[in-house]
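If you check TrEMBL, you get these features:
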- 19-36: compositional bias 'Pro residues' (COMPBIAS)
- 1-48: region 'Disordered' (REGION)
- 49-137: repeat 'Solcar' (REPEAT)
- 147-231: repeat 'Solcar' (REPEAT)
- 238-332: repeat 'Solcar' (REPEAT)
Amino acid sequence: AATGRMELSCGVGGSAAAPPGPGPPHHPPAAAPAPPMEGEEYESLPSGASLGTHMMAGAVAGIMEHTVMYPVDSVKTRMQSLQPDPKAQYRSVYEALKKIVLTEGFWRPLRGINVTMLGAGPAHAMYFACYEKMKKSLSDTFQQGGNSHLANGVAGSVATLLHDAVMNPAEVVKQRMQMFNSPYKSVLACIRTVQKTEGFGAFYRSYTTQLTMNVPFQAIHFITYEFMQEQINPHREYNPRSHIVSGAVAGAVAAAATTPLDVCKTLLNTQENMALSSMNISGHLSGMVNAFKTVYQLGGIAGYFRGVQARVIYQMPSTAIAWSVYEFFKYFLTKRKLEKRT
């Protein structure tokens with residue numbers, strides 16, 4: 001079957017910049033081929049689908065994926081804090097949301113959502129456009145007229161580089177807005193202050209960690225999604241329930257497995273003052289290795305799994321939404337193309 005399947009991710013990287021999240025650097029071998037729909041496979045977007053269509057499908061899925069569960073993402077960022085303020089210590093996602101709304105106001109969990117929407121649309125549109133373009137040209141190079149897994153893998157990896165390049169600065173601003181007692185009045189104020197005090201590099205401190213997280217996240221995500229589809233939708237028909245269940249399970253497994261990298265990413269993005277000063281780190285923390293060491297020194301092995309509950313609760317619906325929106329677009333467009341023909 002063609003690999004239209006994949007391209008959703010986002011996170012996807014889990015949590016943006018996954019999740020999605022971002023694209024499949026790894027493509028599991030295709031499972032049982034889908035029954036051809038009168039000469040046009042449903043498995044991938046119709047061959048005639050324009051680049052604009054791919055970008056539109058990607059942007060819609062991306063924005064929905066990142067925004068529908070945004071309040072839980074805010075809780076996750078706070079729960080990953082290594083030395084939280086006593087007023088911002090939470091036992092569960094529900095307790096955290098209740099406490100934030102009661103003490104900081106109804107809209108507080110949505111703080112920073114605007115910068116996420118601004119980033120998610122173009123990031124996902126570029127992801128899809130790059131993935132589709134590269135997949136086509138590389139497939140022809142590697143395997144004339146065929147569908148090459150190597151081409152899919154390379155295209156997915158390059159698309160992820162692009163996606164995260166757009167999403168990373170948005171993620172830095174978003175996570176700083178989400179923190180307890182965040183000093184920034186608005187997204188613009190946050191961008192200006194970070195630029196002035198920490199320089200442009202601050203927006204990309206977690207870029208390598210983000211990419212390192214996306215590779216295993218996407219690999220686990222796609223393998224799990226394919227495995228689930230084989231179990232509950234072996235004929236690969238359009239079946240919204242199976243896409244939702246498979247997407248949710250794939251998102252949960254991938255999110256739990258990559259939580260340690262996500263904790264390091266949050267530390268690099270937020271440069272948490274309390275944690276850094278208690279470790280006598282002057283200036284700013286940079287580099288994945290430093291982040292890994294700091295998390296271990298402050299929280300031991302358990303530190304790597306801070307916020308895992310919130311990350312899984314966030315990722316399950318996000319990935320399910322992303323897959324179902326994407327599969328719906330594929331189904332709808334393929335059907336329209338067939339109707340035009342007949």
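Including glycine, each Cβ sits where the backbone N, Cα and C put it.
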Secondary structure tally of the repeat 'Solcar' (49-137) (DSSP, helix then strand then coil): 71 helix, 0 strand, 18 coil
Number of helical, extended and coil residues in the repeat 'Solcar' (238-332), per DSSP: 77 helix, 0 strand, 18 coil
